[in-house]
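> The structure under discussion is supplied below as structure tokens; questions concerning it will follow.
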Ligand SMILES: NC(=O)N[C@@H](CC(=O)O)C(=O)O
Ligand SMILES: [Zn+2]
Ligand SMILES: [Zn+2]
């Protein structure tokens, strides 16, 4: 294994130091380190962070390999600075058995670009009718700890309660897509002045908030862990703040797109901006940024949702919801949180690596940058700026909501257990 000497990087944005990466681990951090035979990486001006961890990625394999595969999504993740991603269960077949989660886990190992951690479905076929074999998925080689019907809400409260009780036995967590389905029939965008003006059926904030309120009460009642996916409204942040103040074991994530974009994007009628939950208002965006800054929202989760051209480039009402996120997530967080002074680099590491790793119970990720720790790390150039070109993305799909936007921050290198998956901003395989 090659030894790497990373020279003059700023760990979590602190003063420059050298980082020696040897045998898959951080061997030393200090001034003027030297190591014979080491490959030197000049990192002056670069910030070193622990490898990013995504709690919410759609990789589309098995079933829609034309939109993304475990390999192409892994490459997009590595280029975005990630060393672990949780692969959502809404594949075809659905990841609701030990067999399917082991298949996804194995494909991730073979690609070798990030640790692909399968999420198990809560209910059989995402049907919302009966619980999937949660215990078998937890005991499988994939060691599933996060369970979600994402794309669908576990809307039956009795079933949600049973899922929470079940996963408690192995320290698992239910990640809820909070959407009361009776309130979102035919919904196309955020319900408000703009949906009225555009004549599109609205997705009211209350459809999300009602489920979050119900679920935090259930999590409190049974003493289990709940995670809320893609929180999108100011009211949701308030409910989470209240629940946390009561000691409920609830965590939450916000997507990069909900931190940056609003329902104003829908005025273009460009379906690239169609997503669930929908882009909301300026006031919601502000509340999400404040919630991420004060820790009410624990993590950034990309909800990277690749879609093939024919599923996205159609009329708004026909287009599938979802947008890409992995390759620009860190840049969006730099723009919305770091540059305005709302999160420092240690805060970025906390919300994009440490806390998501803890929520997913990934022992080898989200660790401190310290000697002896696994060398999962990313080097970022915060001063670089680039315009997003969807054609240049590693994802197999092109549905980036950031096309043509200039964003700050460039991932220069990513290391997975001491092996570079990205060097000079390019994937190594
Ligand atoms: N976010 C989306 O709009 N779509 C996701 C499903 C989901 O996250 O709910 C997808 O799988 O495409
Ligand atoms: Zn969802
Ligand atoms: Zn999703």
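Even glycines carry a Cβ here, placed using N, Cα and C.
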> For the Zn(2+) 2 site that TrEMBL gives with 150, 230, which of 177, 221, 257 also belongs there?
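Candidate in the recorded Zn(2+) 2 site: 177.
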> Among 294, 298, 303, 311, which residue does TrEMBL name as a further Zn(2+) 1 binder in the site formed by 56, 58, 150?
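When TrEMBL describes the Zn(2+) 1 site, the candidate it includes is 303.
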> State the Cα to Cα distance, in Å, between residue 150 (Zn(2+) 1 binding site) and residue 276 (substrate binding site), rounded to an integer.
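Cα of residue 150 (Zn(2+) 1 binding site) to Cα of residue 276 (substrate binding site) measures 10 Å after rounding.
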> If you measure residue 230 (Zn(2+) 2 binding site) to residue 303 (Zn(2+) 1 binding site) at Cα, how many Å is it?
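Rounded to the nearest whole number, the Cα-Cα distance is 7 Å.
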> Ligand 3 is in the model; which of the binding-site residues 60, 307, 321 have a C-beta less than 6 angstroms from one of its atoms?
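Going through 60, 307, 321 in sequence order, none turns out to be close to ligand 3.
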> How long is the line from the C-alpha of residue 59 (substrate binding site) to the C-alpha of residue 177 (Zn(2+) 2 binding site), rounded to the nearest angstrom?
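On Cα coordinates alone, these residues lie 17 Å apart.
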> Could you give the Cα-Cα distance between residue 58 (Zn(2+) 1 binding site) and residue 322 (substrate binding site), in whole Å?
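With distance taken Cα to Cα, residue 322 (substrate binding site) is 10 Å from residue 58 (Zn(2+) 1 binding site).
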> Beyond the listed site residues 56, 58, 150, 303, identify every same-chain residue whose Cβ lies within 8 Å of the center of their Cβ atoms for the Zn(2+) 1 site.
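Surrounding the site, in chain order, are 57, 88, 151, 229, 230, 301, 302, 304, 305.
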> If H, G and I count as helix, E and B as strand, and all else as coil, what does DSSP give for residue 56 (Zn(2+) 1 binding site)?
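Its secondary structure by DSSP: strand.
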